[in-house]
Amino acid sequence: MAYALTAALPPALPHYNKARPSPPGLRSQAHSNRRFPSPVDINSHSSHFIKMPLLPVLAISSSPRRRLHAQSRGDYPPSSSPDTGASEAFSWPAVVLPFLFPALGGLLFGYDIGATSGAAISLQSAELSGTDWFNLSAVQLGLVVSGSLYGALAGSLIAFPTADFLGRRRELIVAAVLYIIGGLTTGFASNLSILILGRLLYGIGIGMAMHGAPLYIAETSPSQIRGTLISLKELFIVLGILLGYLVGSFEINSVGGWRFMYGFSAPIALLMVIGMWSLPPSPRWLLLRAVQGKGSFNEYKEKAAYALGKLRGRTVGDKTSKEQIEDAIISLKATFNEKESEGNFLEVFEGASLKAFLIGGGLVFFQQITGQPSVLYYAAPILQSAGFSAAADATRVSVVIGIFKLLMTGIAVLKVDDLAYYKFLGGLSFVAVGALLLYVGSYQVTSSLTM
């Protein structure tokens, strides 16, 4: 998926090396000689554009105050840990759930893609639809299929002004509730209009989940495994596609099977709601609210310390969590006190940032313009038109496509940090050329057979 590739691109921010004065009250410590961030220490961001390096995630090395002092000198961005050999102590059982429940938001996005493939056949079949409005036009079917995408666009626009107010945790809870409402509305739709409405509601959940999930994972994960967990979230999207294909293959011969295909997302989303409700808010978001004066400073500070301790599997009120919170507050205040900290959207199109924007945006643009996402949504109908006339056969072959896609995505997730990015992306050009040659060859064979 393009999501993992674009997320892996290093930020082009030339002002990292500008010297900045030390924050008031910061004790002098020995400085680290390392000047570059860890390759897996991925920045999270708020909805606002910041000219300074992105605000720090709570990734504290073994010497947090030394790290913060070096940050104040501009040696490396605040969210990066200079001491790559140092590891933050954490408990694996405490880390799994804060990753798993947000990642379900990505799985439900992928599931919608896979389920729609089988539903597109079931919904239009006179024998299997179970409705008297099965004879859909191409435009009507297109609205059903793309309804979640229109909703995702709306959800992204809604998330932009509301995300910092809601926080990452509540944003994901809202997204999961929309998943449930959308899935049930679609599954029990009595006519086409209600079906499209359900698809739109589900799509709004997609837009909010795809915004909140990577932020929550990045802000709550230990620094040494943060990059891996963010990449694994992309794997969950493809796992969801495969799950949708599987459910479609089992339900394709059932009357009204499309209802189950779409409705099956509701119990998964319910699990996501329960899970996110049990998790603490992002400590970084709590500290942002405190520094921005959105409430009682001490109250937010105590909540952040409690949340961080819970996320790391520590005892309540442990000294390490409190020290990390103090260090994070110092760094946040230093960032907000800089007179030049406020930027604007146009800075994305200046200098080295423009190059990163063109590369990242170009990858997403060309992935979409090739029509590859449409093939995933219409996989079963396309296979049916290609010769797998039985609906069951077409859906089973789509499962094979899902397995292969999951395998290739897994390889990409495992190797993206081992290979240089330009080599990894350059290899995609050869894959694209090979795919085009196969397409031309198959077209010529098909043409010769039909003549």
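Don't overthink the numbers, they just go from 1 along the chain as shown.
Cβ atoms are placed via backbone N, Cα and C, with glycine included.
TrEMBL labels come from automatic prediction, so no person has curated them.
Which of 14-37, 62-85 counts as region 'Disordered' depends on TrEMBL, and there it is 14-37. The stretch in closest packing with the transmembrane segment (89-113), judged by the count of Cβ pairs under 8 Å and taken from 133-160, 230-248, 260-279, 397-414, is 230-248. Most Cβ pairs under 8 Å to the transmembrane segment (260-279), among the stretches 133-160, 172-194, 200-218, 397-414, belong to 172-194. For the transmembrane segment (200-218), the list of distant contacts is 7, 42-45, 57, 98-99, 102-103, 105-106, 108-109, 112, 147-159, 163, 168-169, 171-172, 174-179, 181-183, 185-186, 226, 229-230, 233, 265, 269, 282: same-chain residues at least six beyond its ends, Cβ to Cβ under 8 Å. Counting residues 6+ beyond its ends, the transmembrane segment (133-160) has Cβ neighbours under 8 Å at 47, 112, 116, 119-120, 123-126, 171, 175, 178, 182, 191-192, 195-196, 198-212, 377-378 in the same chain.
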